[in-house]
Structure formats: C-alpha cells, structure tokens
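Single-structure report; data block below.
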Amino acid sequence: HHVPKNFLDKVAYRTVKLLRIPTDLFFKRQYGCRAMMLETVAAVPGMVGGMLLHLRSLRKFQHSGGWIKALLEEAENERMHLMTMVELVKPKWYERLLVLAVQGVFFNAFFVVYVLSPKLAHRVVGYLEEEAVHSYTEYLKDIESGAVENVPAPAIAIDYWRLPKDAKLKDVITVIRADEAHHRDVNHFASVSVL
C-alpha cells in the first residue's frame with residue numbers, strides 16, 4: 001500500500017475508495033462478476049496512457065523511455081484478465097451492458113485526468129490496482145474455504161500464463177493477483193518518476 005503523502009495522492013486515494021462503494025453494493029461477494037467489472041476498468045488506463053505518450057513522443061520527437069510499450073503491455077495483460085473472467089463468469093446481457101457503460105464513462109474520465117495530470121492518473125491506477133489485489137485475495141479466500149468451487153482453469157488462461165493443463169481457478173486467480181500487484185507497483189512508481 002502506498003500511503004497518500006500529498007494532495008494529489010489523497011485525491012487519488014479518496015476517488016478510488018469512493019468508486020469502490022457502488023462496486024461493493026452491486027457485487028457484494030460475487031468475486032467473479034466483480035473481477036470482470038474491475039478488469040473492464042483496469043484495461044483502460046494502459047491504453048489511454050500509452051496512446052497519449054505515443055502522441056506526445058511524436059509531437060516532441062522524443063523517446064518515451066520504454067513507457068509506451070510498458071503501458072500497452074499492461075493494457076493487453078488486463079484485457080486477458082477480462083477475457084479469462086468472461087470465460088469463467090459467462091456474463092448475462094445486463095452485466096455486459098453495465099460493462100459497456102462503465103468502460104465508456106471511465107475511458108473518457110481517465111482520458112481527461114491523464115491529459116491534465118499524468119501523475120494523478122498513475123496514482124489513481126496504483127490505488128485501483130491495490131483494490132484489485134485486495135479483491136483477488138478475498139476471491140482466493142473464498143476458493144480455499146470452499147465458498148467458491150475451484151473449477152478447472154479455462155484454456156485461455158492456461159495458454160496465456162502457460163499454466164499446467166490441470167490448472168484450477170485458484171491457480172488463475174493467483175497469477176492474476178500477481179499481475180495486479182506488479183501493475184500497482186509500476187503505476188505508483190510512474191506517478192513520481194516519469195512524465
């Protein structure tokens with residue numbers, strides 16, 4: 001956890017905590033559906049940041065120091081989290097509609113925040129990833145307690161993470177949580193070191 005140290009950190013932290021309220025109310029302990037919604041949002045920042053840094057690099061004739069590639073890879077990784085969750089959850093029509101609405105609102109809001117303050121945008125993502133790590137930890141607890149069945153891992157997850165053919169849901173959630181922890185660290189670092 002990154003303790004908020006300045007005004008922008010506190011804005012980012014409180015914004016993410018505020019965004020968590022409707023998620024908690026809507027999904028409660030339905031961690032598969034919650035994860036699907038989280039991944040819909042999580043797949044946006046890397047793409048927006050990568051795109052805006054790409055355009056800035058073109059305008060200024062400067063290298064990005066590898067940040068464009070890193071952010072686009074993060075976006076692709078989050079997309080694979082989403083594709084895995086879709087295989088596991090089999091969302092209903094209204095959940096798909098909610099995904100579209102949330103993604104549309106979040107993309108535009110994040111775009112504006114990134115244009116105004118890339119440091120704030122990365123700090124928000126760092127805190128979103130902290131929430132993702134927490135949610136996946138709770139998901140793992142429910143799998144381990146038997147509250148959620150430890151079903152076989154979908155083929156898309158086995159192929160992407162090169163998991164054993166007999167991998168289970170617990171293995172998938174473990175590698176996704178590790179990805180989210182990495183994204184958390186990268187974005188907290190980017191909020192103070194880059195841009």
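Note: Cβ is positioned from N, Cα and C throughout, glycine not excepted.
In TrEMBL, annotation is done automatically, which means it is predicted and not curated.
The transmembrane segment annotation in TrEMBL covers 35-55 (among others).
What TrEMBL records for Glu39, Glu78, His81, Glu180 is Fe cation 1 binding site.
Every protein chain shown contributes to the tally, and the Cβ of Glu129 (Fe cation 2 binding site) ends up with 26 other Cβ atoms within 10 Å. The Fe cation 2 binding site feature in TrEMBL is assigned to Glu78, Glu129, Glu180, His183.
TrEMBL lists 97-116 (among others) with the feature transmembrane segment. Counting residues 6+ beyond its ends, the transmembrane segment (97-116) has Cβ neighbours under 8 Å at 36-37, 40-41, 44-45, 48-49, 52, 91, 124 in the same chain.
Non-local contacts of Glu39 (Fe cation 1 binding site) by the CB criterion (under 8 A, 6+ apart in sequence, same chain) comprise Glu78, Arg79, His81, Leu82, Met85. Counting every protein chain shown, the number of other Cβ atoms lying within 10 Å of the Cβ of Glu180 (Fe cation 1 binding site) is 27.
Taking each Cβ in turn and tallying the other Cβ atoms within 10 Å, the top scorer among the binding-site residues His81, His183 is His81.
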